[in-house]
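For reference, the structure is listed below as structure tokens.
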Amino acid sequence: MYGRDPWGGPLEINATDSATDDDRSRNLNDVDRAALSRPLDETQQSWLLGPTEQKKKKFVDLGCIIVSRKIFVWTVGIVVAAALLAGFITLIVKTVPRHHHKNPAPDNYTIALHKALKFFNAQKSGKLPRHNNVSWRGSSGLQDGKGDSGSFYKDLVGGYYDAGDTIKFNFPMAYAMTMLSWSVIEYSAKYEAAGELAHVRELIKWGTDYFLKTFNSTADSIDDLVSQVGAGNTDDGSTDPNDHYCWMRPEDMDYKRPVTTCNGGCSDLAAEMAAALASASIVFKDNREYSKKLVHGAKTVYQFGRTRRGRYSAGTAESAKFYNSSMYWDEFIWGGAWLYYATGNVTYLDLITKPTMAKHAGAFWGGPYYGVFSWDNKLAGAQLLLSRLRLFLSPGYPYEEILRTFHNQTSIVMCSYLPYFNKFNRTRGGLIELNHGDPQPLQYAANAAFLATLYSDYLDAADTPGWYCGPNFYSTSVLRDFSRSQIDYILGKNPRKMSYLVGFGPKYPKHVHHRGASIPKNKVKYNCKGGWKWRDSKKPNPNTIEGAMVAGPDKRDGFRDVRTNYNYTEPTLAGNAGLVAALVALSGEEEASGTIDKNTIFSAVPPLFPTPPPPPAPWRP
């Protein structure tokens, strides 16, 4: 029989499949007996008997919690293993020799910088702070300017003594503060890396606080200005006690210290003081109130210098013997440039970029002293300062022509420093004779080293690889080589193998022409003439005036370490300021050297929108 297969195809049904239920049951019983004749596996037994009883898990009672023994064992094992591993690592760390990665040792320029700054601490006048860090110095000059009835000043306590004497000459002191401020503005990161930024700022403020006392700095106009505290002229044979006739510790001064004022022509002094205050206002721009006070004082004293024309050292002024000023036009450009940077007032830029101003300052004269930057002549520094404006801001018309002239003249000055052109002689040891063989050459060499390094840094920052000297192109590295050669000479790379920076290196001057350093601090007060025995002593100074750069060798590299010869052994504020500036410019790692702060000096300068030049004159046949 065939039935229908629901999946398709025939379905065959056998006759045997129609057996009765009894037959089917008998057959099943036969199958069961056959199946039971062999043993059942566990699965089959579970079918028949149902689920078997599971084994009891073992637990650990921890009191507050019950956990599986297996989890507990694993946890304890992991903790123990971790403790063993940590102990092993600690043992290795403690037993293996350590390799400390110390900062690289400071270079010679940085070491010398620390010392050169310390000289200013030794020169402080007034009430000294506890942290002055010169053990043999104390407060002095506490009566300066006091008791002068009818004077425009209240007191003149503070400031710095100029050199080995105790006179406060405001003209070179203002120049020294300007130089320190300029170096901070350009190289604040290097000062900070050397750990000296706070120190040099404190030194600058010590000077500017004093300057604000030397005229009515809160007024908009003034009629008088202090130029000097103390006296030192002994040419007339006078035996009256003064700062040169007497040889006394500053702390023991008991003679009258006269105050010299200027109410007529003192344009050079006023403009230099304006430069000091204006540049310091940029240094202290984070102290808004103090910076504003400095700017106001700078404006006032600069205007005084502009309206009362004349040299502060003209006529019979005592300062003519010690710090005679040759002109005041260079200070007008110098002070005006700093006021422009400090205020952003374009009036100052208009003034100092007049061609007549540059002509009067000697920008086109040339001559044997052209390019010699010093406390007297600021032209080379002012031209470099204004070249900076052209390099980084390019103010364009109407300033471009005169700024290009300043830039070109700066390049010429830099060429004159190089040995290839023989503009200046050199000693056999390599010291450039910028003062043409006259005494005290080191301050001029240090100033030139600073200008050369700074100009090379300006060019590098402007992505300019060098400059032209006539048809010849020189890379900026040539300028740095010149600067290093001069500073290295000062630090001991010279025929005498002597460092002219006191306290630097194994050999340096021991008979420095300096009153405070030459008289022992032994609780004995030596009077005016009583200190002469220390002046004339052949023994080394009992106090080391660390960081003082002495006047230097002669034109044959000779040097006499004699206290009574100031042309060899006397240090000055102006000289040390130039040295500090050069040292910080050269300091630091070789790959980091040359880094200047391009923008801080321009922080007050507004965006410049150059005026278009006038149209050409109409064409005529």
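Backbone N, Cα and C define each Cβ position, glycine as well.
It should be emphasised that the depicted structure is a prediction, and the values quoted were computed from it without experimental measurement.
What TrEMBL records for 1-26 is region 'Disordered'.
The transmembrane segment annotation in TrEMBL covers 71-93.
Sequence annotations record features per position, and here TrEMBL assigns domain 'Glycoside hydrolase family 9' to 109-583.
The annotation active site is assigned in TrEMBL to H513 (among others). Sequence-distant contacts of H513 (active site), defined by Cβ-Cβ distance under 8 angstroms and a gap of at least six in the same chain, are A163, G164, V550, R563, T564, N565, Y566, Y568, T569, E570, P571.
What TrEMBL lists as active site is D561 (among others).
What TrEMBL records for E570 (among others) is active site.
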Count of other CB atoms lying within 10 Å of the CB belonging to E570 (active site): 21
What count of other C-beta atoms do you get within 10 angstroms of the C-beta of D561 (active site), across all chains shown? 17
